[in-house]
Amino acid sequence: MALLNILQYPDERLHTVAKPVEQVDERIRKLVADMFETMYESRGIGLAATQVDVHERVVVMDLTEDRSEPRVFINPVIVEKDGETTYEEGCLSVPGIYDAVTRAERVKVEALNEKGEKFTLEADGLLAICVQHELDHLMGIVFVERLSQLKQGRIKTKLKKRQKHTI
């Protein structure tokens, strides 16, 4: 396994729309393992392949503290949405930035697991939010782009200042 580099917003590569995985093979399983290692090391709960500059429809997540419920979504598609909720989100590609985003309260998603087997998951709460957040990444959307133009501008300014101080 290997740690992967997580792209940082506003890197243009984060806006690349991911292509479907054609075959779930050893290459994809290695990517999944590397994504889990990277996500856990970064103390995240979800990671999309787009964030590590691999533009294929692969997502990993684990909402538990003890890393006991790893979930893999290959070629995920949300087939149903219901309700509305607002939750303060963060992102490994936008470190230190958190803001409230409105999303569906419940979702039904279809995907393949790391063995290439199709499954359906009905999710609510944080899991539903995380699924939508990570699937946005596969469409080239970063959560801050769901905020008002004013908030987006403030975040970009904050990130530019932070970048100047780290150089």
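Keep in mind that glycine also has a Cβ here, set from the backbone N, Cα and C atoms.
The Fe cation binding site annotation in Swiss-Prot covers Cys91, His133, His137. Under DSSP, His133 (Fe cation binding site) is assigned to a helix (H, G or I) in the three-state scheme.
Residues within less than 8 Å, Cβ to Cβ, of Glu134 (active site) and separated from it by at least 6 positions along the same chain comprise Gly46, Leu47, Ala48, Val59, Met61, Phe73. Annotation comment: Swiss-Prot describes Glu134 as active site, evidence class sequence analysis.
Residues Gly46, Ala48, Gln51, Glu89, Leu92, Ser93, Glu134, Asp136, Val142, Phe143 surround the recorded Fe cation site, their Cβ atoms falling within 8 Å of the Cβ centroid of Cys91, His133, His137, which are themselves excluded. For His133 (Fe cation binding site), other Cβ atoms within 10 Å of its Cβ number 24.
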